[in-house]
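Heads up: the structure comes next, in C-alpha cells.
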Amino acid sequence: MKPSIAEMLHRGRMLWIILLSTIALGWTTPIPLIEDSEEIDEPCFDPCYCEVKESLFHIHCDSKGFTNISQITEFWSRPFKLYLQRNSMRKLYTNSFLHLNNAVSINLGNNALQDIQTGAFNGLKILKRLYLHENKLDVFRNDTFLGLESLEYLQADYNVIKRIESGAFRNLSKLRVLILNDNLIPMLPTNLFKAVSLTHLDLRGNRLKVLFYRGMLDHIGRSLMELQLEENPWNCTCEIVQLKSWLERIPYTALVGDITCETPFHFHGKDLREIRKTELCPLLSDSEVEASLGIPHSSSSKENAWPTKPSSMLSSVHFTASSVEYKSSNKQPKPTKQPRTPRPPSTSQALYPGPNQPPIAPYQTRPPIPIICPTGCTCNLHINDLGLTVNCKERGFNNISELLPRPLNAKKLYLSSNLIQKIYRSDFWNFSSLDLLHLGNNRISYVQDGAFINLPNLKSLFLNGNDIEKLTPGMFRGLQSLHYLYFEFNVIREIQPAAFSLMPNLKLLFLNNNLLRTLPTDAFAGTSLARLNLRKNYFLYLPVAGVLEHLNAIVQIDLNENPWDCTCDLVPFKQWIETISSVSVVGDVLCRSPENLTHRDVRTIELEVLCPEMLHVAPAGESPAQPGDSHLIGAPTSASPYEFSPPGGPVPLSVLILSLLVLFFSAVFVAAGLFAYVLRRRRKKLPFRSKRQEGVDLTGIQMQCHRLFEDGGGGGGGSGGGGRPTLSSPEKAPPVGHVYEYIPHPVTQMCNNPIYKPREEEEVAVSSAQEAGSAERGGPGTQPPGMGEALLGSEQFAETPKENHSNYRTLLEKEKEWALAVSSSQLNTIVTVNHHHPHHPAVGGVSGVVGGTGGDLAGFRHHEKNGGVVLFPPGGGCGSGSMLLDRERPQPAPCTVGFVDCLYGTVPKLKELHVHPPGMQYPDLQQDARLKETLLFSAGKGFTDHQTQKSDYLELRAKLQTKPDYLEVLEKTTYRF
C-alpha cells in the first residue's frame, strides 16, 4: 500500500527537523583545536606549580626561596612563562638562563637583585617580557641586556637606578614599552633611544630637570603613544623651552598628566604648557630660542602640524590614562587610538606591528563614549575614570553661566583668557567633581562669598591676572580640599584677617605682583603652607606676631623685590628669617631705605646698624626665638642679644593676654591680703572674755527686778535659818568700751510694758505691810540700812492663811511650770552670791535674806540680785553664802525660784545697775573674789522639785535636747500675781 501524501509530508518534516537539529548541535558544540587536543606531557618542577593557560605553559615558582637560577634544573621544550618573584636572588650570573631558552616571559620582581652580570640573559632569544621591578638595581650598563633581541616589554620601576649608559638599549630594537618610574634617574644620556621605537615611556617619579631635544626627544618621534613625565623637579628656564616646543608637536593626548615646574619659585606648581615661552626665556624670541637649541622650525601648514590642545590632562600616579577628544561641532568625532595601561600590560604574541603600521587591537581605544560638552568648548574624556577635561580658553565668555550644556563629571575646566568680570555662587552648581579650575587672565573684580562652595574636591584654583582688590574669608568657603591657590598679577591691596583659615590643606599660595603693603593678623592661621610667594609687592616690613609665626611648615618663601625699610621696625622680621633655613628664603631681601643701607641684604646687616635706638642688651643665655613663638612681636626678643622699645603700633594679642593674667593674679593676692588684714584687726578690737565674764553676761532670764524695790534702796542683811547674814552684789563691771555699755538689755524694754507693772491694790498692800512691820520690829539701831525695806517687802506674804492660800496654791503651780520650762532649756540663769563681813553693810546694795512668819511663805527667805528676787526654803539651805561654801555640812534641799513679778521693773536705778554694773565701786569684791560661787539654775543641778515624779523626770530629760526661743522662755518665766 502506497503511503499517502500526508504521510510523505510528515516524514519529510521529520527529516528536516533532524537535519536542522544536527546542524545546530554542531554549531553549539566547540570543536577543540589541534594544539589543545594534544596532550601536554611537559613535566613540572618541584616545588613549583604548573598550569596551561592560553596555550602557554605557566610555571609558578614564586616565593619558593630560590637564591640562584641554576636551582631550576628542568627543561621545557614548549614556550612557557616563568614566575620567580619574591625569592632571594641577589645576583644574576652569566649564562644563568641557557637551559630556559623557550621562555617568553620571566618575572624576577621583588627579589632584591643588586647586579646583573654581562651575558646573564644569553639564550633567551624569544623572550618578549622581562620584569625587574621592586629590586635594588642601580645601573643599566651597555651589556646588561645582551641576548634579548626579541624583548618588547621591560619593566624596571621601583629600583634605585641612578645611571643608564647610552648603549643600554641599543640591542633592543623591538622594545616598545619601557617603564622606569620611581627611580633616581637625574638625566638621560644622549642617543639612549636611538635604536628603539617606543610607544610607551614612563619616567614618573625620578629626578629629571630637563629633557633635551637633540639626541633624546628627536629619537622618540611620532611612534610615541603615551608619555608620563609627572613628579619630576622640572626646571622651567630657557633650557626647558625645547621640551615645551616638542610637546606642541606631538599628539596632545600622548602626554598623560602635567609637567609641573619645581623651579624657579615663581613658576612653582604651574603646568609647563601654561607658561609662555617669553616668560620662560624673556631675553629671546620663540624663533631665536628654537634656533639656538636646534629645534626645527614648525610648519605653518595646519594639516601637517599636530594640534595644540588643553594644557593639562588627568594626573594619575599608579595608572596611565587614555583619552579621546570631543569637539562641540556637527561632525562626528574621530576616535584616537590609544594604548591600554602598561601596568600591568596585556600579554600577547606579536603585540606590536611594524613602525609604519597602526597599533593592533589589544592597544586600540574602545569607541568614544557619548559625552556632553559646552558649546564652543573642546572636551577630552579619560577612559580610566571617565573624567572630562573641558577647554574653554579664549572663547569670549562673559559669564560662567554661558557654559551650556553643562558637562558631566568634569575634572578640569579651563576658562582662562575670557571676559569674565564677576563670579557668583550659582556659576558652579554642576561642577562638584572639579579638581582644577583655571580662571586666569580674565577681568574678574568681584567674587561673591561662597562662590566656590559647590567645589568640595577642588585641588587647584587659578585666579591670576585679574582685577581683584580684596580677599575675604567668605570668598574661600567650601574649598577645604584646595592645595594650590594663585593670585599673582592682580591689584590686591587688602587681605582681611583669617582670610585663608577655611583652607586647612592649602600648600601653596602665590600673592606676588600685587599692591600689598602689610598682612593682617592671623592671615595664615589654620593653614599648612609650604610655599609662599610675596614677591614684588610694597612691603616695608612684615609683622612676625600673628602673621609669620603661623608659617611653621614653610619650605620656600619669596620676599624679593619689596621696598624693605631697614629700620627698627624690621628687626623682628630679620630675626625670623635668620631662624628659618637659608634654603627656604628665595633670592635676596634687599633694603630700599635708608640710603646708607640701600641694596644691602637684610640678613647681612647687624642689629646695631639696623636699629641704633636699641635701649639695652638682653640677658645672655636666652635661647633664640623660634619662628612659631608667639612672643615675636613688633620688637626683637631673645632671638638677638638686644632689646628695644618699638616706636608704636597696636599691642600684640600675646602681650595683652599676658598682661591681663598678671593683673588678675595680682588682684587675687591683694584681695587675699586685705581680707586677712581686716580679720586680724577685728580680732584685736574684740574684747577677751573669760568664762566667768561670759557667765556674768548671761543674764537674759535672771530675775533682776521686783516690784517691792521700786526705790532701789541699799540692801541689808538679816538672819534666817542659819542666822548668817548674806550679801550679794554684781560682779566686776565690763571693761570700758564693752558692747553691753551701749546696748540696752531687751528684757528692760519688756519690764517697761504696763502689763508688767504692779496693780494699785498691790501697792496698797505693800504700804500697809510696811507700816505693820515697822511697829513689830525694834528700834532703828538694830537693823542695818535698807533692811527695813526688805522686811516690809517680805511682809506682803505674811497675810492670813485664808487670804493667801489660793495665792500660794497658784504660786506653786506657777513655780512647777517655770521649773519645767527652765529645766528644758539650755540657757542657764547664773546668780552670784557674794559673802560680806557682818559689819560691812552693803552700800547701795539690793540683796538681802529675809526671814519671817506668817502664811505658807513665812518660812521662805529671798535673795535679791540686781532687783530680782529668789525665794529659798526655810532652814537656810540657800539663805547665806556661808552655807554655800560649807561643803562639810549636809546639803539642803534644792532651791526653787519663788516668784518674779517682772524683770528689771520700772526702777531706773535697777536699770542703771544692769547696764552699768558698779563692780568697780566695791574693792572688797576684788579681794574676796575667791569666795564667789555661781548657782547654775539648770535641770538636774540646782532647781529640781522633789515632788516631781519619774514620768516628769523623763519628760524633762527629753526636753533637754531642744533649745527654745529666748523670748519664749522669757515669757514662760515672767509671772504675775
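The count begins at 1 with the first shown residue.
Glycine residues also receive a Cβ, built from the backbone N, Cα and C atoms like all the rest.
For 711-724, the entry in Swiss-Prot reads compositional bias 'Gly residues'.
The compositional bias 'Low complexity' annotation in Swiss-Prot covers 765-775.
Annotation source Swiss-Prot lists domain 'LRRCT 1' at 232-283.
The annotation domain 'LRRNT' is assigned in Swiss-Prot to 364-406.
The region 'Disordered' annotation in Swiss-Prot covers 325-360 (among others).
For 708-735 (among others), the entry in Swiss-Prot reads region 'Disordered'.
The annotation region 'Disordered' is assigned in Swiss-Prot to 761-790 (among others).
The average pLDDT computed for the repeat 'LRR 1' (78-99) is 92. Taken from Swiss-Prot, the feature repeat 'LRR 1' covers 78-99.
The feature repeat 'LRR 2' is assigned by Swiss-Prot to 102-123.
Annotation comment: Swiss-Prot describes 126-147 as repeat 'LRR 3'. A Cβ distance under 8 Å defines the sequence-distant neighbours of the repeat 'LRR 3' (126-147), meaning residues of its chain 6+ beyond its ends; these are 79, 85, 101-116, 118-119, 153-172, 179, 184, 347, 349, 351.
Counting residues 6+ beyond its ends, the repeat 'LRR 4' (150-171) has Cβ neighbours under 8 Å at 109, 125-142, 144, 177-186, 188-196, 202, 342-343, 345, 351-352 in the same chain. The repeat 'LRR 4' feature in Swiss-Prot is assigned to 150-171.
Within the chain carrying the repeat 'LRR 5' (174-195), a Cβ under 8 angstroms from the stretch's Cβ atoms is held by residues 133, 138, 149-166, 168, 201-212, 214-216, 219-220, 228, 342-343, 345, 351-352, all 6 or more beyond its ends. The annotation repeat 'LRR 5' is assigned in Swiss-Prot to 174-195.
The repeat 'LRR 6' annotation in Swiss-Prot covers 197-218.
Beyond its flanks by at least six residues, the repeat 'LRR 7' (409-430) meets 310-312, 314, 382, 385-401, 436-455, 462 of its own chain at Cβ-Cβ distances under 8 Å. Per Swiss-Prot, the feature repeat 'LRR 7' maps to 409-430.
Residue counts for the repeat 'LRR 8' (433-454) under DSSP (helix as H, G, I; strand as E, B; rest coil) come to 0 helix, 5 strand, 17 coil. As annotated by Swiss-Prot, repeat 'LRR 8' applies to 433-454.
For the repeat 'LRR 9' (457-478), same-chain residues at least 6 beyond its ends with a Cβ under 8 Å from one of its own Cβ atoms are 269, 416, 432-445, 447, 449-451, 484-496, 498-503, 510. Residues or ranges marked as repeat 'LRR 9' by Swiss-Prot: 457-478.
Remark: secondary structure over the repeat 'LRR 3' (126-147) totals 0 helix, 5 strand, 17 coil, with classes taken from DSSP. Remark: secondary structure over the repeat 'LRR 4' (150-171) totals 0 helix, 5 strand, 17 coil, with classes taken from DSSP.
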